[in-house]
Each structure stands twice: as C-alpha cells, then as structure tokens.
Amino acid sequence: MGNCLHTAELSPSTENSSQLDFEDAWNSSYDVNYSFPDVDYDANLEAAAPCHSCNLLDDSALPFFILTSVLGILASSTVLFILFRPLFRWQLCPGWPVLAQLAVGSALFSIVVPILAPGLGSTHSSALCSLGYCVWYGSAFAQALLLGCHASLGHRLGAGQVPGLTLGLTVGIWGVAALLTLPVTLASGASGGLCTPIHSTELKALQATHTVACLAIFVLLPLGLFGAKGLKKALGMGPGPWMNILWAWFIFWWPHGVVLGLDFLVRSKLLLLSTCLAQQALDLLLNLAEALAILHCVATPLILALFYHQATRTLLPSLPLPEGWSSHLDTLGSKS
C-alpha cells in the first residue's frame, strides 16, 4: 500500500511568485501586525494530502485477468458439454436447466473479463466498457437469482414437473438481471485507458441504484435464504430453502457487495474515515473483493461439477436401468 496519487509540481512561474511573496512578507515583517486565521483541523480526508492505496489490479494484473478468462471459458464449456451431450440422462439432475444457465452465465462473465482488464491501453472505448460492465454484472445478477430460485423451488424446476415454469423463470430472471445492469451501464466508461465506473455528482443517482442492487442481490439474498432456512427449521414448518454446495457461489460475491456499499457511503460522505489508514484499507478491500468476484468464473463450473457428482451418486441407485441394460444384466446373471 502507499500513496499513489501524486501532487502536481509547481511551475517556474508559480515558484518565482511564491518566492517574491515570501521576500515581501519578510521585508515588511517589522511594520505589519499579523492576524492568524482560525484553522479548521477537522477538514475532511479529501482536503488533505492524497490518502489512497495503490491499485492492486493495475497493468501488472493483466496476466491474472487473461488466465482467469481462459480457464473460466474452458471450465464452463466443459460443463455445458456434459449437460448437453446426447447420452446425458436428464433425470439425474432434475434442475439441469438451472445448472446450464449458471454455466452460461459463468462463460459470459469469462468472455468479458479481458474487455475490462487493465493494461490494454487505447483499445478501451466508452461503448465497449459500458457493454463489458453490462455483461459483467448482468451475468452475476442472473446467476445469483438462479441460485435463489433453485434453492426455493428445488426439484420442481425439473423438466415436466411444472409446465412452463422453467421457461418463465428463465425469461424473468435474465430480464430482471438486464434491468439491474442499466445503472452501471450508464455510469461507466473509459478513463485514462481504463474501464471504470464514473463517479460524479450528475451520476450519483445511478451509482446509488447500482449499489443498492448489489447489496440486495449479493448480500441480502443469501442472508434471506439462510434466515428462511433457520426460521422454518426452528418453527418446524418444513425443510425450507434447499441448501447445497451451489450456495458456495455467494462466497465470491458477498464481499464485493459489502465493500461496494461501504465505498459508496464514504464517497457520499455519509461515512467519514478519520485516518488515512482506514481509506487505504478500504481501497485494498475493494481490490481484493473484485479479484475474488472475478475468480468465481473459474470456481462456478467446479461447483457445478461437484453438485452434479453428488446428485448422480444419490439418484443413480434409485433410477431404473434402460431396457437393454437390464436384459444384458439378466443374461449375465443366468450364466453365472
């Protein structure tokens, strides 16, 4: 960490002017009575020397972005191939449409990671950056909402369970996710060759809306699922939301939602940081939370594969074998 914002150097004209002013004040020091103005020692942090931590996700982090993108695309493609291969038995995973959409969301995120990566210089444009943030957060919002529906509806999402339910949820979830990305899409662009959200007074309403959306989807949604699970279990009202390994997805986005909310409070001066160390710590947490969120595109396919393995191990013994397999096993049994 350190101070990465450098103060502007004085121009020669400014230095000469300052020197003349100092000499005039020195020569007249015996004839003038000075009155010292009151000094406001409680000025806010931004009025003091720059007090921000170095950005961890700068140009040097470009290999991290590229490697994560490649691994995420390969892993998501593998999961999609498994789910859509011709011999796949759909009854092994009643909620396979949700799993497929989670893999698609992870793949979309992986594709746009290089677009928002630093170090690409002049290749960034405002339109491309806005599109990147739209897909970046849209895929994440959709995945979170899909996980919430999967936990709440469980096996009712299987094919043939409730006609039209899966299609309706798919259209609704991705539509809501697209609407939630409008604020960050409109409040982002290219600045200094980097894709970044634009913080300005004119866009404060959009920034607030985006922050609220992140808090609701990444923070409050998993907390609500956990709360409903515990409440139903305590009151004996049934099992509650279906808890499984897929909930591990929120580990990668929950910190991002929390730190983004804190950063908005600080920028809005609703939360004042009293020391430089606190501001530097917040900057560091922002970078770490963003890096953790980026890693979800690699972890999500692995989580899906583990969930599929658990589902097949649980349901396979109870499923009837195909007709050809059963006759073949009967033949082997008679020979023995």
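The backbone N, Cα and C atoms fix where each Cβ goes, and this holds for glycine too.
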Bond partner of Cys51 - disulfide, per Swiss-Prot - picked from Cys276, Cys297
Cys276
If you pull up Swiss-Prot, which of Cys93, Cys129, Cys134 shows a disulphide to Cys195?
Cys129
Based on Swiss-Prot, are Ala127 and Gln310 on matching sides of the membrane?
no
Filtered by Cβ under 8 Å and at least 6 apart in sequence, the residues in the chain of Cys129 (disulfide bond) near it are Ile115, Leu116, Ser188, Gly189, Ala190, Cys195, Thr196
Winner by Cβ pairs under 8 Å against the transmembrane segment (288-308), considering only 96-116, 167-187, 245-265
245-265
Based on DSSP, name the secondary structure state of Cys51 (disulfide bond): helix, strand or coil.
coil
Can you see whether the transmembrane segment (96-116) and the transmembrane segment (208-228) are touching - at least 3 CB pairs under 8 angstroms, only pairs 6 or more apart in sequence?
no
Counting all other Cβ atoms within 10 Å across every protein chain shown, which of the disulfide-bonded residues Cys51, Cys195, Cys276 scores highest?
Cys195
